[in-house]
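One structure is given below, encoded as structure tokens.
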Amino acid sequence: MEEDTDYRIRFSSLCFFNDHVGFHGTIKSSPSDFIVIEIDEQGQLVNKTIDEPIFKISEIQLEPNNFPKKPKLDLQNLSLEDGRNQEVHTLIKYTDGDQNHQSGSEKEDTIVDGTSKCEEKADVLSSFLDEKTHELLNNFACDVREKWLSKTELIGLPPEFSIGRILDKNQRASLHSAIRQKFPFLVTVGKNSEIVVKPNLEYKELCHLVSEEEAFDFFKYLDAKKENSKFTFKPDTNKDHRKAVHHFVNKKFGNLVETKSFSKMNCSAGNPNVVVTVRFREKAHKRGKRPLSECQEGKVIYTAFTLRKENLEMFEAIGFLAIKLGVIPSDFSYAGLKDKKAITYQAMVVRKVTPERLKNIEKEIEKKRMNVFNIRSVDDSLRLGQLKGNHFDIVIRNLKKQINDSANLRERIMEAIENVKKKGFVNYYGPQRFGKGRKVHTDQIGLALLKNEMMKAIKLFLTPEDLDDPVNRAKKYFLQTEDAKGTLSLMPEFKVRERALLEALHRFGMTEEGCIQAWFSLPHSMRIFYVHAYTSKIWNEAVSYRLETYGARVVQGDLVCLDEDIDDENFPNSKIHLVTEEEGSANMYAIHQVVLPVLGYNIQYPKNKVGQWYHDILSRDGLQTCRFKVPTLKLNIPGCYRQILKHPCNLSYQLMEDHDIDVKTKGSHIDETALSLLISFDLDASCYATVCLKEIMKHDV
């Protein structure tokens, strides 16, 4: 595949730190030429087999009878007071024409079994509320509904009515449900054991789309949460109106229920009537048929493992594992992202899955070029950055001298490696952080998210490349039509992120709010990945400007880290020092101590030309007033400080003559023996091997 020109320009324009000549070569000729092994916080390679037992069946499996049972309220033994429920039946009026239509649950799945359920809820109110409170609650409900029926708006803040404090947790739960069942147009909220009743504004909103009878029944259905039950709205021949109902339900309750349209034949007219049916979403553990041992009440199960993947994008690997285990991608946690075209080993933790269940899918995932091992129970998830670094074993093939270089190739290679080993390399974020798309890079999506341009971010995400393949044909169709449902039918199953966004857009619509919900279909780590891509791009440009402007000298206004032992990006502000004029003149600090801020709300800028450069860039990108928080997507970007130079550790290398290279492929005459370079080294967390190699070779890799 032809390389992306913009991709090359971005990194070719960044300056180097060392002055050696370098050489040409090819990396990642195959995934086995680029092996990445994560180093955990204890300094251990994660591909080493752990000696401790993988898991103990006896500690994980529980018999169903051993589960603690929730205490249930004995509704049958509650005292009943007849006559207090009569007002409820006057609150809802039906027209004669609606009597034959059964909106709400299907007969076999009806929420209200005769009158028993309604009476039971009313009895709970009568039993727990004194007569005065019960009467005041009924009056409050009548007042709210009368105002809505008379089209009178509720002035100011919505009114509320306090039931009072209910200390018993079970009684509070029963009262919450009883009030919502009796008065679906009200909602209840808890405040320190107090139950407060308010108007249900979503009920009123739904009444603008459907009859009040349907709204009343729908909210009763929703509150009852009866497993395997369905709710059906009245037949509707207006497609746009049905679409509005779909979007309302999915926008407000999409995490709980799903909607579908079904055709029903109208016998009198001979035309099909279409109904919108709602049903509760299947729980993840039921989709994956997870055993009872994974649903221990009050205890979240975490299973750690080492993931080996080959030539596979990390997010694609997580999506595949999630499907096989019946969980969602956000249930996986990891310490860092890994390359696609490589063989990588990394630590991961998945929640709500036992070690035994993970071990059961080993054979299935091998077909996807993945393996899992070192499977064991742990107490918590991983967080980004929770690693010491990565070990790399790399083969660089097709070694050649730079153009017009007459020196010996072997000498050039040794000179370059020793130079970087001694002086270090510029600690740029690697190109894999930004994607290799010709038209759109991940940092452009991140900038749109920072500017709260959600729809633009979606369109950038789904912008096709100039390639004729199923993925890009699907993306092209979406940009032309904004038809999420049609695009889903075209998008290949393995494109997990694209399909997640499209499914959400189908549910919520291609609106600003729908696009926000679509971004929420991706795990938090994926959402913030795009924002980090933008802040990483700016940091790369900043460090290049810093070195071009001041070189290796530490000058007034630079920021330096005072703690030599910190080897990650989590420098506290207390460890960051602003270099004074006197300190700069006295050469008190070395260049390897200089740090630059990665954009965020909790950083300080250098007090020299570099600081002004940051402000100019923010102005250029329309972020002068950006607070680096995107509350609509629950993204907070505090920022951090990153050292401008890094050194490879435990570096070793070997030149290897490879007589087979090119001979088999071209059969041409070889004037000199082809060389390959085997190089191994360790890098700190958030450092990139491709960046280190670029400094060594002085050539794009």
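Placed from the backbone N, Cα and C atoms, the Cβ positions cover glycine too.
Of the listed residues (Ser79, Ser116, Ser381, Ser406), Swiss-Prot tags Ser79 with phosphoserine; the rest carry no such note in the record, though that does not show they lack it. Classification of Asp339 (active site, nucleophile) by DSSP places it in coil, neither helical nor stranded.
Long-range Cβ neighbours of Asp339 (active site, nucleophile) (same chain, at least 6 residues apart, Cβ-Cβ under 8 Å): Phe34, Val36, Gln432.
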